[in-house]
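Per TrEMBL, the feature domain 'Sugar phosphate transporter' maps to 12-297. Residues or ranges marked as region 'Disordered' in TrEMBL: 337-358. The transmembrane segment annotation in TrEMBL covers 7-26, 38-63, 75-93, 99-121, 133-154, 192-211, 223-245, 279-299.
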Amino acid sequence: MINKALVLTYFYLLIYISLSSGVILYNKWVLSPKYFNFPFPITLTMIHMAFSGIVAFFLIRVFKVVAPVKMTFEIYATCVVPISAFFASSLWFGNTAYLHISVAFIQMLKALMPVATFFMGVMCGTDKPRCDVFLNMVLVSVGVVISSYGEIHFNIVGTVYQVTGILAEALRLVLTQVLLQKKGLTLNPITSLYYIAPCSFVFLFVPWCLLEKPGMEVSQIQFNFWIFFSNALCALALNLSIFLVIGRTGAVTVRVAGVLKDWILIALSTVVFPESTITGLNIIGYAVALCGVVTYNYIKVKDGRAPQLPSDSISERLTKDWKLEKKSSDIFNPIISNDTNVGSNFNSSESNDEEAPLVSSRLSHFGRQLSNSSSQRS
């Protein structure tokens, strides 16, 4: 007999992987001079932010799908504004990298995400220096260096843009935990876009005026409403799909899905963009980096569940991890306490999607209702 809940879970995972890969490939196609030829990454990011902010406004204020959180001016100025600045920066630099390097190589560089997050966490006091984690970070870094050495079309400008975007994203994740956790505030993708997207738009407006506006001539710009609308719609759908996936599964499954998505995306990019060539050294380096990423993910999950894990064998621990995650996906805790881990604590692979905003590590009531209603319709 078919387990409908399990089928629905895999369906949500398939949607997440498809949308995540699709948004990245779509952005590359729009920005690339060889294809749609709209080489204005800041403008494209501003379109995404404006569209997401408007949709979030209607969902919250007009249709009242979710309720806004209690946001004071002090919280907005000290928490949302700096987080929005780094969120806008990560999208700006990440999208600009598409102009210079291939999608496949960008995904390989994104393996540095846990390295950046770990060191930023240590600097900000949210993480402690540990020998085992440090060795994993060294393994990831070595893998990325090998992969970069094997890149045929290596471009220093694009690499700097991408690495800078990764650093900005890491700071955003750490600030989310440091600033919002103190306020006991949790945001789901809709409320986070409602508060963060307009602020990010304002931050992007300044570099847009200085860098892109002077070189934009309306007569030379290809503007197709349906292309930009569908591109922004895909970015918004990606945020909601992450919300649904976490509601059905949990952080561990999203981590695994993120790793699978990266491999699929690298393979797809070579088909969609034939000029993207992958060498054997690329694959070897990326495989080495992923070994470090996967081990790091396991260490973080194991640390989070340390009280429930006695000295069992590794296979028994993995089995318990899976069972605990399946159990935790069915739990709804409406109480937001000061020790709530706000932000993407599963921040290695899945948190680095193109338009992924802040995602709470606990389910919101809205996400739980969506999951339950979908199960009932099945």
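A Cβ is built for glycine as well, from the same backbone N, Cα and C atoms used for every other residue.
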Any contact, the transmembrane segment (223-245) to the transmembrane segment (38-63), with at least 3 Cβ pairs under 8 A: yes
Intrachain neighbours beyond the transmembrane segment (133-154), with Cβ under 8 angstroms and 6 or more residues off its ends: 101-102, 105, 108-109, 111-112, 114-115, 118-119, 275, 277, 279-282, 284-293, 295-296, 299
Other parts of the chain folded back onto the transmembrane segment (279-299), taken as Cβ under 8 Å at six or more residues beyond its ends: 104-105, 107-108, 111-112, 114, 118, 132-133, 136-152, 252, 255, 259, 262, 266, 346, 348-349
